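Novice: Next up is a structure, given as structure tokens.
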């Protein structure tokens, strides 16, 4: 998986502090997650091909996560996009976008499909042969959910030497890689385990922003390869977390530790802090493999 | 008047080609005219104090002129603005902004007043002691109007020598500067013209974007100090002007010439052109005092 941070700052955007947006490249997909104001400029800046974006996931309807969406969709229209676009977000997002498109008398040359969420529990949003995307219920001032992108187990590695020794017909190799046992014409069964070794372990990514500290999410995200968890504040401002329903870097790290994730990416920084190191300094004593998101930074995992 | 161009490009925004937005400083006001996506970042970049903006004028509801408005208003909210904000724009703008603020459960700490236009003719939008702002009906694909900002005549210059020679009491100087004749106790009238010379001529600025070539606007804008007239295309693409209801640089210059304006500022460039000089090259043979708007450029007139 390849994650490109387009923006990772909270609230009031600046040219050098973009609001939340990121693209996740996984199994041939390019998912756009959140779309704050200016996201289309950031996509261009980082050379992301607009046509590759077919699915956009919006966590909640605060401006710093969604106000760039209508502009991006308008640009898709102006560029003559033809392929459908799927937008996943909280109830209301369809009305928000359609009203603006209607007031601008925009011609929509492609199909725009909305999947609006209202569910209070984790819900499967997208599934294909290679992955699933499930919502992660969060606790913020408005209805908010994160997203869990989970690869399906890939093909097993064929043990060609074993296959040849056991005289397996090559026509069956594909099915065997997919996990099937081999059955000879005489009915003899050779177990898949004798012919293959496990494939690459499937990877997973959890995006959790915006939210206050919420241990309920731990069972769902346990063991993910990478977790993006918001850290708007630092410990000295923990009182603001309760008021605004955000988290500190320490709280994000505690979730990462308890969920035994592979890696923690911090983000959604309040503009009151002048250094990113302050966030990793707070997180790493709790969860060592903590990293700061930065506008334009790429994580591969 | 001081005009700062925040963005002057059409349609699909890029970091180095912002959509339409400009601030006009006039008689103590700071008017924001149009507000494409990313305008709040441009305002910060150019050090414009948010608190000084009390009036925002939106020409039409195409995204490249309005999609930055809700984000700017949200930022005003987050910054705890208290003073009222006046937004002038086509009917629908209130619903567009209020829906998004409601969906984000935004707390609005200041009064947001909308003045929605539906009138087909020029209409007075704002008047105070020092200026008027009037709409300019344009011809675009959606209901669009420009804005004419006109200073009121200022005070006349006092001829202090004449006043002293004629024994005018100093207590009357202010009224005389405002144009009053001086009346002695014995009833003798001394004409104002004997005591003053004309003050600075009042300035005026007309913003006309987006529009196709429309001679109807000429009587209203005749003699303005500066005219901003869109020039999305150049002559070789004049056919696109009819289709999309835009203008060429030559058409903008023709309007400028016929309206006998002081200065023409071109803008709203299509991204197909690689040089700004192409626009002035086309306009200047028709109207010599033509200039290109550029993101960040300041015009004083």
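Backbone N, Cα and C define each Cβ position, glycine as well.
TrEMBL labels come from automatic prediction, so no person has curated them.
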Novice: Please identify which of B:128, B:210, B:216 is recorded by TrEMBL as part of the Zn(2+) 2 site containing B:64, B:65, B:268.
Specialist: B:210
Novice: Since TrEMBL lists B:60, B:62, B:210 for Zn(2+) 1, which candidate among B:140, B:291 does it give for that site as well?
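Specialist: Between B:140, B:291, TrEMBL records just one in the Zn(2+) 1 site with B:60, B:62, B:210, namely B:140.
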Novice: Among the binding-site residues B:62, B:65, B:140, B:210, B:268, say which ones reach under 8 Å of chain A by Cβ distance, listed as they appear in sequence.
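Specialist: Correct list, in sequence order: B:62.
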Novice: Please report the distance from the Cα of residue B:60 (Zn(2+) 1 binding site) to the Cα of residue B:268 (Zn(2+) 2 binding site), rounded to the nearest angstrom.
Specialist: 14
Novice: I want to check the contact list for residue B:65 (Zn(2+) 2 binding site): same chain, sequence separation of six or more, C-beta distance under 8 angstroms. What comes out?
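Specialist: Residues satisfying the criterion: B:19, B:20, B:34, B:35, B:36, B:58, B:59, B:209, B:210.
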Novice: Pick out which of the binding-site residues B:62, B:268 has the most other Cβ atoms within 10 Å of its own Cβ.
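Specialist: That would be B:268, with the highest Cβ count within 10 Å.
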Novice: Which site among B:60, B:140 has the most other CB atoms no more than 10 Å from its CB, taking these as binding-site residues?
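Specialist: Its Cβ has the most other Cβ atoms within 10 Å: B:60.
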Novice: In the same chain, which residues outside the set B:60, B:62, B:140, B:210 have their CB within 8 A of the centroid of the CB atoms that define the Zn(2+) 1 site?
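Specialist: Other same-chain residues near the Zn(2+) 1 site: B:59, B:61, B:65, B:138, B:141, B:142, B:144, B:209, B:211, B:245.
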Novice: Taking 8 Å from the centroid of the Cβ atoms of B:64, B:65, B:210, B:268 as the cut-off, which other residues in that chain fall inside it around the Zn(2+) 2 site?
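Specialist: Checked against the 8 Å cutoff, the neighbours are B:10, B:11, B:19, B:20, B:34, B:36, B:59, B:60, B:62, B:209, B:230.
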